[in-house]
Amino acid sequence: MCWAGRMMLGTFSILLVLVHAAAACEFGPFPYRATGIVCRMTKPAALLLNQETAQVIQAAFRNAKFPNITGERSMRLLGRVAYGLSNIQVNDLSIERSEVELKEDNAIHISIKNVTALFKGTLTYGYSGAWFLQLFHSVDFEIESSIDFQLNINLMCQKDQVTPDASDCYLTFHKLTLHLQGDKQPGWLKQLFTDFISFTLKLVLKREVCKEINAVAQTLTNFILDLAANFVQDKDIIVDVSLASDPVIRASYIESHHKGIVLYKNNSSVLSDSVFSPSLLTESRMLYFWLSEHSLSSLASAAFLDGRLLLNLRGEKLQELFEMEDTEVQRKAVQMIFQGISYNDSVAKVWSLTQPQISLQPEGTVVRSLVAVEVSILPAGEEPLVALYMEKEITVTIQATYAEKKLILQPVDSSVEMKVFKCTADPSGKDPSIQNFLQNVILVAGIPEVTSSIGSALTSLMNSKRLDLFDIINPEIITRKGYVIVQLDFGFPSHLLLNFLDKSL
């Protein structure tokens, strides 16, 4: 369920949340450093996310609170000249391009080239001297600017959470031109105040814009951390995705190792070893998730303990199950089991009696469990009657795919061994036609129906965590002995970032 966890929303935060923390984090002794889940984001994904840098920079400029700028200088003949810039606003912001580099010092370097912005506001100035009375004037101004940004985003660990530090921020000004009252021609007054305020204005822009970029990155990170925590938790079942070891940053990918321990109420699984190796993942796709057999098996056990491995079938579903083939043997068996009662007045209950045993193999996910099947008929005005009860040891190999925003579980191999059989139509249990019929129903229709229902339930659960809002491209779910790899490309949902920035800033 967790292979779509830490995706999307914000260039800085996405990259940082996937990497998580670094040297500042302290990890406990082995076995707590064992790895159950690994995430790898490759350079193409980082480049795609970096295209959204413009949205973050624009939000930073838009949300920055520029203070009034004041200054004073002594001028020969004019005396002391004081000035103030107020009501500073930003208009017409554009970004030419943005580049990202992954550095092995646990940092992400983002270069933003040629940010053009038009600042507007009011200039108030006054001067006094031996030949003049003290006078104050107020004029509207515009400042045309062209700026390059260099952001060196470092990773920090605070209160067991990863935070991005984007305070290492540099601005290079290629252009800073002052216009007064729309006059584009140079004049002594414009030249005078341009000389006065350029240096001060550069300092203010650097301080305020860089401070706001850092704040936006932190806001996005907190949002994604909350989103990720919610994704891997459902009621009493929680997956611990805290870091198991230091992250790895290479020029071509970012990789983070997580515990992947399943917590259920006061109990937790124990992962003492890991079979992960970096060579198991390639760099041809944007995003990879490696999940251990132990993590998936622990999730299945928690679902069993929480009473989730139960399915009720009635009405049309029940009819489809028992009338999968129109034969004399089928009609006779159905008549004997249901005693003429309609499917709408009957219910089939299927549930797991034991914790499922999960084994990941190249052929798929092999699930073994003792399963009970109970069919009850509900005669009008009478107590429910159990017409059939069975316990079967079922082993099924399942292949999983994800397409059209749905998780599809397809059984490719199944076996059933009868353990308990009770049927009112065959009290002695010696009628082979009924048992053979039921065996065929379970293999041909029952197991596919159960796996389909589980796939639908998992899809609904993941969509309730907002997975369906993301554009997942050509996902592949590949099982190997002891682990599964999910690899995919993705498209960035820009509207989600814009909506988040509009609501949060």
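Cβ atoms are placed via backbone N, Cα and C, with glycine included.
Computed from a predicted structure; not experimentally measured.
As given in TrEMBL:
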- CYS169-CYS210: disulfide bond (DISULFID)
- 40-267: domain 'Lipid-binding serum glycoprotein N-terminal' (DOMAIN)
- 281-488: domain 'Lipid-binding serum glycoprotein C-terminal' (DOMAIN)
- 1-24: signal peptide (SIGNAL)
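Taken as a whole, the domain 'Lipid-binding serum glycoprotein C-terminal' (281-488) shows an average pLDDT of 92 in this prediction.
Remark: CYS169 (disulfide bond) has PHE149, GLN150, LEU151, ASN152, LYS206, VAL209, CYS210, ILE213, ASN214 as non-local neighbours, by Cβ distance under 8 Å and separation of at least 6 in sequence.
Within 10 Å of the C-beta of CYS210 (disulfide bond) we count 20 further C-beta atoms, all protein chains included.
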